[in-house]
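Student: Positions annotated as active site, nucleophile by Swiss-Prot: D39.
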Amino acid sequence: MINGIINLKKEAGMTSHDAVFKLRKLLQEKKIGHGGTLDPDVVGVLPIAVGKATRVIEYMTEAGKVYEGQVTLGYSTTTEDASGEVVARSSLPAVLTEELVDQTMTTFLGKITQTPPMYSAVKVNGRKLYEYARTGESVERPRREVTISLFERTSPLNFTEDGLCRFSFKVACSKGTYVRTLAVDLGRALWVESHMSFLQRSASAGLTLETAYTLGEIADMVSKQEMSFLLPIEYGVADLPKMVIDDTELTEISFGRRLSLPSQEPLLAAFHGEKVIAILEKRDQEYKPKKVLI
(Lines of atoms letter the chains of each structure in order from A and count residues from 1; the text may use other names and numbers.)
(Lines give C-alpha, C1' and ligand atoms only; values in the text may rest on other atoms or scores of the structure.)
Protein backbone atom coordinates (compact mmCIF):
# COMPACT_ATOMS: atom_id res chain seq x y z
CA MET A 1 0.00 0.00 0.00
CA ILE A 2 1.14 3.53 -0.82
CA ASN A 3 0.95 5.99 2.10
CA GLY A 4 1.56 9.72 2.10
CA ILE A 5 0.50 13.23 1.12
CA ILE A 6 0.51 14.67 -2.40
CA ASN A 7 0.69 18.41 -3.03
CA LEU A 8 -1.41 18.45 -6.20
CA LYS A 9 -1.68 21.46 -8.49
CA LYS A 10 -5.27 21.16 -9.69
CA GLU A 11 -5.83 22.59 -13.13
CA ALA A 12 -8.89 24.50 -14.37
CA GLY A 13 -11.85 22.55 -15.72
CA MET A 14 -11.45 19.69 -13.27
CA THR A 15 -13.41 19.00 -10.10
CA SER A 16 -11.64 17.89 -6.93
CA HIS A 17 -13.41 14.53 -7.31
CA ASP A 18 -12.04 14.22 -10.87
CA ALA A 19 -8.52 14.68 -9.51
CA VAL A 20 -9.01 11.95 -6.90
CA PHE A 21 -10.50 9.58 -9.50
CA LYS A 22 -7.53 10.05 -11.85
CA LEU A 23 -5.01 9.55 -9.05
CA ARG A 24 -6.73 6.32 -8.00
CA LYS A 25 -6.24 4.96 -11.51
CA LEU A 26 -2.71 6.32 -11.83
CA LEU A 27 -1.47 4.99 -8.48
CA GLN A 28 -3.72 1.89 -8.50
CA GLU A 29 -4.76 2.80 -4.98
CA LYS A 30 -8.42 3.04 -3.89
CA LYS A 31 -7.80 4.75 -0.56
CA ILE A 32 -7.33 8.37 -1.69
CA GLY A 33 -9.07 11.56 -0.53
CA HIS A 34 -8.65 15.32 -0.83
CA GLY A 35 -8.33 17.99 1.82
CA GLY A 36 -10.60 20.85 0.78
CA THR A 37 -12.76 21.17 -2.35
CA LEU A 38 -11.75 23.54 -5.14
CA ASP A 39 -14.34 24.78 -7.65
CA PRO A 40 -13.73 23.47 -11.21
CA ASP A 41 -12.52 26.87 -12.49
CA VAL A 42 -10.12 27.39 -9.58
CA VAL A 43 -6.52 26.24 -9.96
CA GLY A 44 -3.94 25.63 -7.27
CA VAL A 45 -3.05 23.57 -4.22
CA LEU A 46 -5.27 20.56 -3.54
CA PRO A 47 -3.90 18.43 -0.67
CA ILE A 48 -4.30 14.72 -1.41
CA ALA A 49 -4.01 11.91 1.14
CA VAL A 50 -3.10 8.37 0.08
CA GLY A 51 -3.46 5.14 2.06
CA LYS A 52 -2.96 5.51 5.80
CA ALA A 53 -2.68 9.30 5.38
CA THR A 54 -6.45 9.46 4.69
CA ARG A 55 -6.87 9.09 8.47
CA VAL A 56 -5.47 12.61 8.96
CA ILE A 57 -7.04 14.31 5.92
CA GLU A 58 -9.68 15.98 8.12
CA TYR A 59 -6.96 18.02 9.82
CA MET A 60 -5.76 19.30 6.45
CA THR A 61 -9.34 20.19 5.50
CA GLU A 62 -9.72 22.26 8.69
CA ALA A 63 -6.53 24.24 8.04
CA GLY A 64 -6.54 27.83 6.75
CA LYS A 65 -6.03 28.65 3.08
CA VAL A 66 -4.33 31.38 1.04
CA TYR A 67 -5.72 32.49 -2.32
CA GLU A 68 -4.67 34.92 -5.03
CA GLY A 69 -7.24 36.24 -7.44
CA GLN A 70 -8.77 39.09 -9.38
CA VAL A 71 -11.88 41.20 -8.82
CA THR A 72 -13.77 42.81 -11.70
CA LEU A 73 -15.92 45.82 -10.82
CA GLY A 74 -18.75 46.78 -13.16
CA TYR A 75 -20.99 43.74 -13.44
CA SER A 76 -22.15 40.72 -11.42
CA THR A 77 -22.85 37.14 -12.52
CA THR A 78 -25.12 34.26 -11.56
CA THR A 79 -22.23 32.26 -10.12
CA GLU A 80 -20.29 35.21 -8.62
CA ASP A 81 -17.33 34.29 -10.86
CA ALA A 82 -16.41 34.59 -14.55
CA SER A 83 -18.18 31.34 -15.53
CA GLY A 84 -21.68 32.69 -14.91
CA GLU A 85 -24.11 34.79 -16.92
CA VAL A 86 -24.25 38.55 -16.41
CA VAL A 87 -27.15 39.50 -14.14
CA ALA A 88 -26.50 43.20 -13.47
CA ARG A 89 -24.25 46.02 -14.63
CA SER A 90 -23.40 49.31 -12.94
CA SER A 91 -21.25 52.34 -13.52
CA LEU A 92 -18.11 52.70 -11.47
CA PRO A 93 -18.27 55.12 -8.53
CA ALA A 94 -17.39 58.71 -9.39
CA VAL A 95 -14.46 58.44 -7.01
CA LEU A 96 -12.70 55.07 -7.06
CA THR A 97 -9.14 55.21 -5.77
CA GLU A 98 -6.65 52.64 -4.56
CA GLU A 99 -6.82 54.21 -1.12
CA LEU A 100 -10.61 53.76 -1.02
CA VAL A 101 -10.36 50.13 -2.16
CA ASP A 102 -7.64 49.39 0.41
CA GLN A 103 -9.61 50.98 3.24
CA THR A 104 -12.73 49.06 2.28
CA MET A 105 -10.84 45.75 2.14
CA THR A 106 -9.66 46.21 5.74
CA THR A 107 -13.30 46.24 6.90
CA PHE A 108 -13.51 42.54 6.02
CA LEU A 109 -10.69 41.49 8.34
CA GLY A 110 -11.53 39.32 11.35
CA LYS A 111 -14.73 37.34 11.79
CA ILE A 112 -17.37 38.06 9.15
CA THR A 113 -20.65 36.44 8.11
CA GLN A 114 -21.18 35.18 4.57
CA THR A 115 -24.18 33.93 2.61
CA PRO A 116 -23.03 31.04 0.39
CA PRO A 117 -23.60 31.55 -3.35
CA MET A 118 -26.53 29.73 -4.97
CA TYR A 119 -24.08 27.93 -7.23
CA SER A 120 -22.34 26.04 -4.42
CA ALA A 121 -22.38 22.58 -2.86
CA VAL A 122 -23.85 23.74 0.47
CA LYS A 123 -26.84 21.55 1.31
CA VAL A 124 -30.29 22.86 2.30
CA ASN A 125 -33.03 20.33 3.08
CA GLY A 126 -30.87 17.53 1.69
CA ARG A 127 -30.24 19.19 -1.68
CA LYS A 128 -27.21 21.15 -2.86
CA LEU A 129 -27.76 24.83 -3.55
CA TYR A 130 -26.64 24.54 -7.17
CA GLU A 131 -29.44 21.99 -7.73
CA TYR A 132 -31.97 24.63 -6.68
CA ALA A 133 -30.22 27.25 -8.84
CA ARG A 134 -30.31 25.09 -11.97
CA THR A 135 -34.08 24.65 -11.70
CA GLY A 136 -34.69 28.31 -10.90
CA GLU A 137 -35.90 27.61 -7.36
CA SER A 138 -35.22 30.06 -4.55
CA VAL A 139 -34.35 28.87 -1.07
CA GLU A 140 -33.17 30.53 2.12
CA ARG A 141 -29.41 30.10 2.42
CA PRO A 142 -27.79 29.51 5.82
CA ARG A 143 -25.31 32.22 6.76
CA ARG A 144 -21.92 31.14 8.10
CA GLU A 145 -19.17 32.80 10.11
CA VAL A 146 -15.65 32.74 8.65
CA THR A 147 -12.37 34.42 9.54
CA ILE A 148 -10.34 36.63 7.19
CA SER A 149 -6.79 37.17 8.45
CA LEU A 150 -5.44 38.90 5.31
CA PHE A 151 -7.22 40.71 2.46
CA GLU A 152 -5.09 43.05 0.40
CA ARG A 153 -4.81 44.46 -3.11
CA THR A 154 -1.71 43.24 -4.96
CA SER A 155 -1.91 45.23 -8.21
CA PRO A 156 -2.83 48.75 -9.37
CA LEU A 157 -6.45 49.45 -10.35
CA ASN A 158 -6.80 48.71 -14.07
CA PHE A 159 -9.55 50.79 -15.71
CA THR A 160 -10.76 49.43 -19.06
CA GLU A 161 -12.28 51.24 -22.05
CA ASP A 162 -15.60 49.45 -21.54
CA GLY A 163 -16.08 50.97 -18.08
CA LEU A 164 -14.75 48.17 -15.88
CA CYS A 165 -12.08 48.11 -13.20
CA ARG A 166 -9.92 45.10 -12.35
CA PHE A 167 -7.32 44.47 -9.68
CA SER A 168 -5.54 41.50 -8.12
CA PHE A 169 -5.78 40.53 -4.47
CA LYS A 170 -4.49 38.08 -1.88
CA VAL A 171 -6.58 36.61 0.93
CA ALA A 172 -5.81 34.30 3.86
CA CYS A 173 -8.95 32.78 5.32
CA SER A 174 -10.49 30.00 7.36
CA LYS A 175 -12.10 26.82 6.10
CA GLY A 176 -15.48 27.38 4.44
CA THR A 177 -14.78 30.88 3.11
CA TYR A 178 -16.29 31.64 -0.29
CA VAL A 179 -13.76 33.95 -1.92
CA ARG A 180 -16.09 34.76 -4.82
CA THR A 181 -18.67 35.93 -2.28
CA LEU A 182 -15.95 38.06 -0.68
CA ALA A 183 -15.36 39.70 -4.09
CA VAL A 184 -19.09 40.37 -4.48
CA ASP A 185 -19.42 41.76 -0.95
CA LEU A 186 -16.42 44.03 -1.56
CA GLY A 187 -18.19 45.42 -4.62
CA ARG A 188 -21.34 46.05 -2.59
CA ALA A 189 -19.28 47.94 -0.02
CA LEU A 190 -17.95 50.09 -2.89
CA TRP A 191 -21.50 50.54 -4.29
CA VAL A 192 -20.76 48.72 -7.54
CA GLU A 193 -21.64 45.35 -9.11
CA SER A 194 -18.71 42.93 -9.06
CA HIS A 195 -17.53 39.34 -9.42
CA MET A 196 -14.39 37.27 -8.99
CA SER A 197 -12.74 36.96 -12.41
CA PHE A 198 -9.86 34.65 -11.45
CA LEU A 199 -8.77 32.59 -8.45
CA GLN A 200 -5.99 30.23 -7.49
CA ARG A 201 -5.24 28.61 -4.15
CA SER A 202 -1.60 29.36 -3.41
CA ALA A 203 -1.35 27.59 -0.04
CA SER A 204 -3.29 25.08 2.04
CA ALA A 205 -2.35 23.10 5.16
CA GLY A 206 1.29 24.15 4.88
CA LEU A 207 1.57 23.13 1.21
CA THR A 208 2.40 25.82 -1.37
CA LEU A 209 1.87 26.22 -5.10
CA GLU A 210 5.62 26.49 -5.74
CA THR A 211 6.15 22.86 -4.72
CA ALA A 212 2.93 21.39 -6.18
CA TYR A 213 2.80 18.82 -8.98
CA THR A 214 0.28 18.60 -11.83
CA LEU A 215 -1.37 15.29 -12.70
CA GLY A 216 0.75 15.18 -15.85
CA GLU A 217 3.96 15.58 -13.88
CA ILE A 218 2.92 12.87 -11.43
CA ALA A 219 2.02 10.50 -14.28
CA ASP A 220 5.44 11.07 -15.84
CA MET A 221 7.19 10.34 -12.53
CA VAL A 222 5.13 7.19 -11.89
CA SER A 223 6.04 5.89 -15.36
CA LYS A 224 9.69 6.17 -14.30
CA GLN A 225 8.94 4.56 -10.91
CA GLU A 226 9.87 7.87 -9.27
CA MET A 227 7.75 8.57 -6.15
CA SER A 228 9.41 11.68 -4.73
CA PHE A 229 6.12 13.58 -5.16
CA LEU A 230 4.78 11.56 -2.20
CA LEU A 231 5.29 13.43 1.08
CA PRO A 232 5.40 11.80 4.54
CA ILE A 233 2.14 11.51 6.49
CA GLU A 234 3.58 14.08 8.94
CA TYR A 235 2.64 16.81 6.44
CA GLY A 236 -0.99 15.98 7.13
CA VAL A 237 -0.75 17.12 10.76
CA ALA A 238 1.42 20.20 10.20
CA ASP A 239 -1.32 22.51 11.53
CA LEU A 240 -1.82 20.58 14.79
CA PRO A 241 0.16 21.34 17.98
CA LYS A 242 3.02 18.85 18.31
CA MET A 243 3.86 16.81 21.42
CA VAL A 244 6.95 14.57 21.55
CA ILE A 245 6.40 11.45 23.65
CA ASP A 246 8.84 8.96 25.19
CA ASP A 247 8.99 5.17 24.92
CA THR A 248 6.75 4.59 27.94
CA GLU A 249 4.06 6.93 26.60
CA LEU A 250 4.34 5.25 23.19
CA THR A 251 3.48 1.91 24.80
CA GLU A 252 0.52 3.45 26.63
CA ILE A 253 -0.82 4.93 23.38
CA SER A 254 -0.43 1.62 21.54
CA PHE A 255 -2.79 0.08 24.13
CA GLY A 256 -5.25 2.99 23.82
CA ARG A 257 -4.60 4.28 27.33
CA ARG A 258 -4.93 7.88 28.46
CA LEU A 259 -1.95 10.11 29.18
CA SER A 260 -1.32 13.10 31.43
CA LEU A 261 0.53 15.65 29.31
CA PRO A 262 1.58 19.29 29.93
CA SER A 263 -0.81 20.90 27.43
CA GLN A 264 -4.24 22.51 27.22
CA GLU A 265 -4.72 22.09 23.46
CA PRO A 266 -7.91 20.24 22.44
CA LEU A 267 -5.96 18.11 19.94
CA LEU A 268 -2.30 17.08 19.76
CA ALA A 269 -0.21 15.32 17.15
CA ALA A 270 1.90 12.86 19.16
CA PHE A 271 5.38 12.31 17.76
CA HIS A 272 7.92 9.65 18.68
CA GLY A 273 11.15 10.89 17.22
CA GLU A 274 10.32 12.26 13.76
CA LYS A 275 7.25 10.07 13.24
CA VAL A 276 3.65 10.96 14.06
CA ILE A 277 2.15 8.01 15.90
CA ALA A 278 -1.26 9.27 17.08
CA ILE A 279 -3.77 12.09 17.31
CA LEU A 280 -4.62 12.75 20.96
CA GLU A 281 -7.85 14.36 22.16
CA LYS A 282 -8.25 16.24 25.45
CA ARG A 283 -10.68 14.48 27.80
CA ASP A 284 -11.07 16.10 31.21
CA GLN A 285 -7.46 16.48 32.41
CA GLU A 286 -5.97 13.71 30.26
CA TYR A 287 -5.38 12.92 26.60
CA LYS A 288 -7.10 9.97 24.97
CA PRO A 289 -5.80 8.45 21.70
CA LYS A 290 -8.31 9.48 19.03
CA LYS A 291 -6.43 7.96 16.10
CA VAL A 292 -3.46 5.61 16.46
CA LEU A 293 -1.32 5.63 13.32
CA ILE A 294 1.20 2.88 14.14
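Even glycines carry a Cβ here, placed using N, Cα and C.
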Student: Per DSSP, D39 (active site, nucleophile) is which: helix, strand or coil?
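Tutor: It is coil.
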Student: Under 8 Å Cβ to Cβ from D39 (active site, nucleophile), same chain, six or more residues apart: give me those in sequence order, or none if nothing qualifies.
Tutor: D81, L199
